[in-house]
Every structure is written in C-alpha cells, then in structure tokens.
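Annotated active site, nucleophile per TrEMBL: Asp91, in sequence order. Among the features that TrEMBL reports, substrate binding site is placed at Tyr146. Under the heading domain 'Pseudouridine synthase I TruA alpha/beta', TrEMBL lists 184-286. As annotated by TrEMBL, region 'Disordered' applies to 1-23, 352-375.
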Amino acid sequence: EENGHQNKRLKSDADEEDAEDQNKKLPKRKIVLLMAYSGKGYHGMQRNVGSSQFKTIEDDLVSALVQSGCIPENHGEDMKKMSFQRCARTDKGVSAAGQIVSLKVRLIDDILEKINSHLPSHIRILGLKRVTGGFNSKNKCDARTYSYMLPTFAFAHKDHDVQEELYRLDRETLERVNNLLACYKGTHNFHNFTSQKGPRDPSAKRYIMEMYCGEPFVRENMEFAVIKVKGQSFMMHQIRKMIGLVIAIVKGYAAESIMERSWGEEKVDVPKAPGLGLVLEKVHFEKYNRRFGNDGLHEPLEWTEEEEKIAVFKEQYIYPTIINTEREEKSMANWLNTLPIHDFNSSAVEMQTNNKNSKKSSDLEGSDGCGDDSD
C-alpha cells in the first residue's frame, strides 16, 4: 500500500515536471490582462521591491503568474524581464474594475483559470488579449475613467444638523454639484491638486473630458451617489482633491471663486477626500484600436464581452467593501470633521504670516491649514 502511495506521488511529481518542461518550450507572447480588484488593505497597485511589509496588488499578481507557470521565477524578481507595465498606478486602498497590465508570458492552456486559482478572490483576471510586441499599456492609453462612490450626506450644508442615515440629496443640490464638477472640464493647471508639483511645472496641466455625479441610490439604509471622471491622465491624489474641493464649496466652507484661484499660480489649500470610494473603472485605447484593432492580427482593446463579469465583481467585492467600511469606520464622516481646519480664503503668503503670528501668540495651538494630509 505504501509503495502504491509512493508511486502515485512520484507520478504526480513527474507530471508536474513534464508540464513545467512543456511550459518552458512555449514561446513568450505580449498580452494584456484585464484586472479587477478590491484595494482595501493594499498599499496601491505598484510593487515596491524590497519593501515586503507594504503589500501591493502586484505582489499577489506576480506570485500567481509564477505559480501558474506563465513566467519563470526570475521574471517575478525583475519585472523588466517580462516587459511588465501597469496602465494606472492606483493609490493605497483604491479599487479597480478595469485595470490593464501588459506583459510577456508563456501562453499556457487555461491560462486565466490557472492564474486566478493562485489569486485571492478579491483579485480577478477577467480577460486576456494578444497585443503588438511593442505595446506598453501606460504609454498607449489615451484616457482613464474613474468613479468615486460617496454617501450623499457629504453634500449636506454645514449649518444643517444632519442625521447621516436619513439624509437624502435634493435636486437643487445635485444640480449644484454637477455645475461645479463641470467646471473641471477642459485643460487646467492642477498643481494645487497634488504634492511635489510647482505652478510652472508643465506636467501639472491636465485635460479632463467629463465629470458628473449620477442619480443617488440607497444601500443598507444609507444614500450613496457615484461621481464619474474621464481624463487623459491623473496625478497622485488629484481626483480626491477635485472632489474634496467641490464638497467644501457645497457644504459652505469655501466660496465658488476658489476653483478659479486653485488653477492659478498661488498655493491654495485643497482638501483631499478619503481614498475609500475611488475605483479605476476603465482605460481607453482609441488610437491603438484605430491602428491595430482591425488589422486581422490583433483584437481591439474593448471588453464588451467581459462587462457582465466586471459588473458582478463590483457588486460582490467593490461596492460592499466601500459601503461596509463607510458604515464601520466612518471615513467620510470623520474626514468632513476636518474641513473647518482648512483655510480656504488665504493665499500661501497670508497663511505663512498667520502661522507665524499664531505661533508667537501661543505655542499650544495653531494649525498649518492642512488638516488631512497626514498620509
């Protein structure tokens, strides 16, 4: 009996080695993978090699690619070897429903099933397409669409005593929110909406194609709404600050004129909304599709067949995480309490003067006007 077990074990080891040998013979091909993930508990998408305590989505992805036999182990250690490129570098805690990565892999049988079998259920590969050899998912991307799901009580005026669960957004306020969001359309200098960019840095200019808030809906007794924004590309924290500023205006903390001011050269104190509700919805490859999508060799990078799978994933993993975390950790409610700390009226020079004066008058108090920028 023991011999029988041993033979079986030896046979299965031999089968695995045969499969590995077969994999090694497969030519490497450039592909893109369509990914969806819930970002809670991760320090963003991009892998930080040598920094294992900050777990990222790519750590889990690369591990699954190696274990499934798509890439050799040394490619996992040095991602340049497989020409790996993510389309968008999502921040800490941010989710994605339509992230794209490009890389070279061995096209093994049942590749999607095998990769997914080594991934946690809150990270899924939903689709795969062959692309041109020189394809780079970041450089070839024309635009990115993000959504931001938030409880509508975020738009209640600061002077109104609001019970979060009972609050419902009225038509007039929704219209005002949409008028403000529409102001972002076009090209503006967003240096005030990110860190480490000066007002004269040409890369701070960004082009926004559309931005609007959809109809509110109720989940688990709380009303939510989803803001959609499509732009060529976004800087770190840019979308969260764009939304943070609109909330500050609608709540009555800041004047509408602050939007125009924020695109000027002076430093403006722009609050950053929580990361929880942000989701990378879709990435767009219009130019690539026009050139290669119908050349008979490559498929256009459209994911209509995967749309249902994307919708199911969002309902199963992304929306419940946002709703439950909001209810348990009150990230929006807590952040709203920091808005009065911000100084929406002063210029940077005035803020520095005020700080010096307040420090002189009392060492015990004084705020630098950046209430929520601790992370």
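Even glycines carry a Cβ here, placed using N, Cα and C.
Taking the Cβ of Tyr146 (substrate binding site) as centre and 10 Å as the limit, one finds 24 other Cβ atoms among all the protein chains shown. Sequence-distant contacts of the residue listed as 'active site, nucleophile', defined by Cβ-Cβ distance under 8 angstroms and a gap of at least six in the same chain, are Gly44, Met236, His237, Gly275, Leu278. In this model, the domain 'Pseudouridine synthase I TruA alpha/beta' (184-286) carries an average pLDDT of 95.
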